[in-house]
Amino acid sequence: MSVYGLQRLYIAGAHADATSGKTFDTFDPATGELLARVQQASADDVDRAVASAREGQREWAAMTAMQRSRILRRAVELLRERNDALAELEMRDTGKPIAETRAVDIVTGADVIEYYAGLATAIEGLQVPLRPESFVYTRREPLGVCAGIGAWNYPIQIACWKSAPALAAGNAMIFKPSEVTPLSALKLAEIYTEAGVPAGVFNVVQGDGSVGALLSAHPGIAKVSFTGGVETGKKVMSLAGASSLKEVTMELGGKSPLIVFDDADLDRAADIAVTANFFSAGQVCTNGTRVFVQQAVKDAFVERVLARVARIRVGKPSDSDTNFGPLASAAQLDKVLGYIDSGKAEGAKLLAGGARLVNDHFASGQYVAPTVFGDCRDDMRIVREEIFGPVMSILSFETEDEAIARANATDYGLAAGVVTENLSRAHRAIHRLEAGICWINTWGESPAEMPVGGYKQSGVGRENGITTLEHYTRIKSVQVELGRYQPVF
């Protein structure tokens with residue numbers, strides 16, 4: 001018997017049965033309890049979702065921007081009214097502490113929808129004079145039907161981040177959440193419908209990567225926005241391009257450097273490093289997992305980090321005092337433990353954690369102790385590869401040039417940060433770091449106004465910020481001739 005029963009698809013403004021005959025299960029990562037059995041979409045279901053999205057999108061795009069804005073604002077109100085109930089659902093599905101899901105996941109998702117609701121009326125074209133009797137004007141028009149493919153670490157937030165600019169610009173979206181955390185996207189779909197979004201404008205199809213592939217290759221879809229791992233992102237991008245030259249946005253992985261200079265406030269630096277590695281049990285794509293510390297202050301910094309790690313409150317996600325929960329799945333647990341074993345084998349010095357937690361109520365959950373490695377080298381797997389778990393690698397450096405060169409020596413380029421009291425050094429270093437999101441003397445905040453995305457193999461395009469609206473519209477250029485037409489022949 002599951003907690004939430006059988007979960008279906010959401011197509012054309014209502015829950016709908018899948019035709020595949022297949023289901024998959026989703027579990028509470030803190031207890032192992034079966035949360036729900038979820039129907040998996042078939043190719044026919046994806047076709048049905050695309051057809052309803054096309055129909056709904058025509059109605060949605062025909063509305064005025066102000067009408068769309070008001071409907072999206074109503075969705076924001078509903079999200080905020082139901083914050084606690086949605087936070088509990090997200091807690092059960094992801095394993096995150098309730099204190100975190102109440103304060104972050106739904107709140108930040110609603111903020112992004114509110115932000116784009118305010119920008120819906122600001123989408124406009126240009127007028128360009130050519131001659132006294134001729135001019136050009138441009139229109140920004142919606143793309144049509146877009147697909148969003150989400151990751152398992154921030155299910156409802158990602159659904160909001162992807163759908164908000166798409167809908168604000170007059171598009172429809174078919175969203176596929178991760179099969180690891182599939183539940184909250186259905187609640188967002190219900191809220192959009194209740195707020196007045198036309199049927200079909202936000203559909204949810206459930207399933208594994210095969211469903212994502214169907215969306216990526218579907219000729220009726222104009223754009224794919226994907227959040228997840230690099231290798232999967234490459235496959236999505238390949239399918240999107242080969243099928244119909246779709247627009248793509250890719251928010252992919254990272255192995256982000258945090259550089260602590262010798263003039264830094266070390267208490268502040270330790271606070272930043274612990275947050276940048278252990279928030280959401282380390283399951284954040286922007287985490288600063290490569291912590292470069294200038295040699296002169298390394299020992300003092302490590303002492304402060306370990307003192308803070310010792311204060312982390314690992315516990316039941318439902319306990320309001322807990323600030324560190326389990327990993328999202330058994331597969332992720334195995335992956336993280338494998339990397340920890342690799343760090344030990346390659347000679348990194350284990351300073352904290354380094355094992356699965358199995359005592360008391362942890363035994364049935366996917367808990368790994370917050371782990372800190374010292375004396376790390378750039379060639380170690382724990383330093384080179386994305387772990388997506390609570391594993392911090394501390395490395396030392398001597399000079400600024402050395403730190404920048406080593407920080408940039410990666411295929412990733414999602415985020416980076418520096419901690420220093422020297423403002424000139426801070427900006428100089430940030431300007432040289434090859435990353436799309438950078439922080440100075442802080443870490444991790446991604447407000448709606450701030451574009452989010454990576455360099456190199458960490459992504460293509462951006463989410464959030466005004467610039468993202470450009471990626472959900474296409475430009476039509478129109479020349480108007482007021483005078484006599486001059487024939488060529």
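Using N, Cα and C of the backbone, Cβ positions are placed for all residues, glycine too.
Swiss-Prot names GLY150, ALA151, TRP152, LYS176, PRO177, SER178, GLU179, GLY229, VAL230, GLU231, THR232, CYS285, GLU386 as NAD(+) ligands; from the candidate set GLY125, GLY200, GLY253, the record adds GLY253 to that same site. Within THR26, THR31, THR227, the residue that Swiss-Prot lists together with ASP93, VAL180 for binding K(+) 1 is THR26. Listed in sequence order, SER225, PHE226, THR227, CYS285, VAL452, GLY453, GLY454, GLY459, GLU463 are the same-chain residues six or more apart from GLU251 (active site, proton acceptor) with CB atoms under 8 A from its CB.
The recorded positions recorded for this entry are LYS162, LEU245, GLU247, LYS456, and the Cα of LYS456 lies nearest to that of VAL230 (NAD(+) binding site).
Binding residues for NAD(+) (GLY150, ALA151, TRP152, LYS176, PRO177, SER178, GLU179, GLY229, VAL230, GLU231, THR232, GLY253, CYS285, GLU386) extend across at most 23 Å, taking the greatest CA-CA distance.
For the pair GLY150 (NAD(+) binding site) and LYS162 (active site, charge relay system), the Cα-Cα distance reads 9 Å.
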